[in-house]
Amino acid sequence: MTKAITAAQMKHYDQYTINTIGIPSMVLMERASLALRDEILKQYPQAQNITIVAGSGNNGGDGLCVARLLQIAGKHTTVIEAGNPNHFSEEHRAQAKTCDYYRIPQLTTLDTIDSADLLVDAIFGIGIDREVRDPYASIINQMNAASAPIIAVDVPSGINTDTGEVLGTAIKADTTVTFTFNKIGLTTKNGQQYAGRIVVADDMGTYATD
Ligand SMILES: NC(=O)C1=CN([C@@H]2O[C@H](COP(=O)(O)OP(=O)(O)OC[C@H]3O[C@@H](n4cnc5c(N)ncnc54)[C@H](O)[C@@H]3O)[C@@H](O)[C@H]2O)[C@H](O)CC1
Ligand SMILES: [K+]
């Protein structure tokens with residue numbers, strides 16, 4: 001049984017790694033996204049048109065980062081920015097700038113949700129802290145209704161990381177790639193139902209010993 005932790009424990013490990021050990025957050029983000037890219041290429045090799053739906057934080061930052069990595073790997077990637085640009089995290093902003101150089105479309109329209117071969121859920125990760133409302137709720141519902149499989153980044157958006165409960169509405173993922181350790185919420189019956197196949201990406205550089 002692999003170890004499972006809470007959002008607070010994960011944040012502690014991340015902050016310790018970044019602020020005490022000194023591995024930059026962007027390095028962790030790149031390494032998390034490389035693990036995510038590898039899982040996507042392994043599990044969905046046929047997917048050519050991949051739409052990444054990004055929230056405003058670092059879960060969205062992972063999404064923008066993997067959009068670039070997948071384009072370099074020969075995929076056609078499109079980002080849908082679901083978050084408020086005024087709330088973009090520093091890392092999210094940096095990843096969006098990189099996507100500009102790689103000419104990756106960053107849209108606010110939703111029609112590529114229905115035409116994609118694969119959807120990447122990068123809306124919310126361990127930072128979710130309240131009920132999901134519009135516009136996110138309707139975007140999540142549209143993603144769940146689409147024909148494409150969904151791979152969730154770290155935690156299916158809308159699922160409480162610690163309890164597995166649905167915060168209003170949540171992504172029903174085929175696969176979830178969660179970073180460093182599994183999350184307690186994804187070991188619950190409900191969490192597993194929404195996470196689908198869980199892959200723990202455990203070598204992305206976070207210093208995680210107590
Ligand atoms: N070592 C690692 O595991 C790393 C993980 N990374 C990724 O970072 C996210 C956590 O990022 P964070 O910015 O803290 O939060 P989120 O992106 O999950 O949430 C974004 C943002 O959304 C706001 N918010 C929360 N709940 C709601 C809601 N219901 N409605 C609207 N908005 C909401 C809140 O303000 C949050 O700030 C982690 O999951 C990984 O994907 C890093 O990449 C690096 C290493
Ligand atoms: K997510």
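Cβ atoms here come from the backbone N, Cα and C positions, even for glycine.
What TrEMBL says about a protein is an automatic prediction, not a curated fact.
K(+) binds D121, S157 as TrEMBL records it, and from the list N58, N59, N84 the residue named for this site is N59. Residues N58, N59, G60, G61, D62, G125, I126, G127, I128, D129, R130, E131, Y136 are given by TrEMBL as (6S)-NADPHX binders; from D38, D111, D114, D154, that same site also lists D154.
Model confidence over the domain 'YjeF N-terminal' (10-210) is summarised by a mean pLDDT of 97. A distance of 11 Å separates the Cα atom of Y136 ((6S)-NADPHX binding site) from that of D121 (K(+) binding site).
Its Cβ placed at the centre, N59 (K(+) binding site) has 26 other Cβ atoms within 10 Å.
Its Cβ taken as reference, I126 ((6S)-NADPHX binding site) is surrounded by 24 other Cβ atoms within 10 Å in the chains shown. Proximity of the binding-site residues (D121, I126, S157) to ligand 1: a Cβ under 6 Å from the molecule is found for I126.
Counted within 10 Å of its Cβ, the other Cβ atoms near D62 ((6S)-NADPHX binding site) come to 29, all protein chains included.
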